[in-house]
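Beneath this line is the structure, given in structure tokens, with notes to follow.
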Amino acid sequence: MEFQVIHKCPITRARVSRMVLAHGETVLPTFMPVATQAAIKGLTPEQVESLGISLILNNTYHLNLRPGVDVLKVAGGAHLFEGWRYNMLTDSGGFQLVSLSKFTTITEEGAVFSSPFDGESTILTPEESISIQHAIGADIIMQLDDVVPSLLQGPRVEEAMKRSIRWLDRCIQQHESAGRKDVQNLFAIVQGGLDPNLRDKCLDGMLERKDRVSGYAIGGLSGGEEKDVFWKIIKQCADRLPEDRPRYAMGIGFAEDLLVCVALGIDMADCVFPTRTARFGVALTHTGPINLKLGKHAKDFDSIDSTCPCPTCKDGTSRALLHHIVTHETTAAHALTIHNIVFQAQVMGRAREAIIAGTFPDYLQSFFAGYFGDRGYPEWCVAALRSVNVDLLENSKTSTVSGGGAKWEYSDAA
């Protein structure tokens, strides 16, 4: 990996970086669409490539179950198997310790899974996770970590944090002994739940291993915790992570979360949110999400966003048509998935442009005014950005609202 910070915001912690991997260059900060089972649902690799995406995520746990390591080895890795020519990151399977917890037992050796497909038991050890990711051939691979629910408290959180450090050592050993260090890049994952002391202890351990990892991720968030806790954990970790390594916030997808994380110093993020919400009929826009299932769109012949460069909007596909077919015809899911991926790319692309131009604080002011201005800024966003010297309320008459602040259309009256 070649990693170079090329621009820094003089006000916030935001930065623009150049990351060169085996399958090309990706400029950071960026959002990674999730291709869980070797495909972004509804889109071909050529379509994803045409949207300007250069880094996607595959899921180690699911690809190990289907099609399996043997098939991936014969195919020559996931890039060739799925027809993707650019960069790829794989998670380690650690998140499935939570999402599929009813099928999982954790031991020091690893995680014992019962397959949700046929019930067959298999153990995922740190060594096996790395070996699977070697077979997948991802450009960035993640350590296997011991993941617990975000809201969990008590001794199990500390146990999982300490085990994640021990498992990192095993992942490093497996990765280095396989001779893949020059072509695949191992990231460590900072755990510790919502306890700042445990996060610091984990950071201490992870940073001691800096010379043997290519980057760092912040895990264990976006699981229902209060947003005021979320941003403080992100900031605590980002402030301590090294300047010369990429910083990855796992499972982050809402536009406001992305921009707060970028301001706090995060370089990469991923989430199923933009593609999954597309399949539920929601289009993401710079004035907030649009629920196209609502009747008020039935006679709206405008595109989703007249300024959007995505094929759905450029072709003039109307809100009325999408309302008519959404959740009924796969065409609508495809059209909205394309739009939402481009929206996420625009949010991050405009952030990069603003950082380079020295206008990132202005971009934050403009984005939040357009996205939330008619209903008030989320208090947590205001507090988080104030921590890096940006005051959304300065010269603004906009009020604040408590809670997460996510803006949704639930009814035609909204």
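Glycine too: its Cβ is placed from the backbone N, Cα and C atoms.
A quick note: this is a predicted structure, and the numbers were derived from the prediction, not measured.
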Region 'RNA binding' range according to TrEMBL, out of 6-12, 181-187, 251-257, 405-411: 251-257
Feature region 'RNA binding' in TrEMBL, mapped to one of the ranges 105-109, 210-214, 275-279: 275-279
Inter-residue Cα distance where the pair is ASP270 (active site, nucleophile) and GLY94 (substrate binding site), in Å: 15
Helix-strand-coil residue split for the region 'RNA binding' (275-279), DSSP-based: 5 helix, 0 strand, 0 coil
Nearest recorded site to GLY93 (substrate binding site) by CA-CA distance, among recorded positions ASP270, CYS308, CYS310, CYS313, HIS339: ASP270
Cβ packing number for GLN191 (substrate binding site), 10 Å threshold: 29
Using Cα positions only, nearest of the recorded positions to HIS339 (Zn(2+) binding site) (ASP91, SER92, ASP145, GLY220): ASP91
Summary of DSSP states over the region 'RNA binding' (251-257), given as helix, strand and coil counts: 3 helix, 0 strand, 4 coil
Shell list (Zn(2+); ref centroid = CB of CYS308, CYS310, CYS313, HIS339; cutoff 8 A): SER303, ILE304, ASP305, PRO309, PRO311, THR312, LYS314, ILE338, VAL342, PHE343
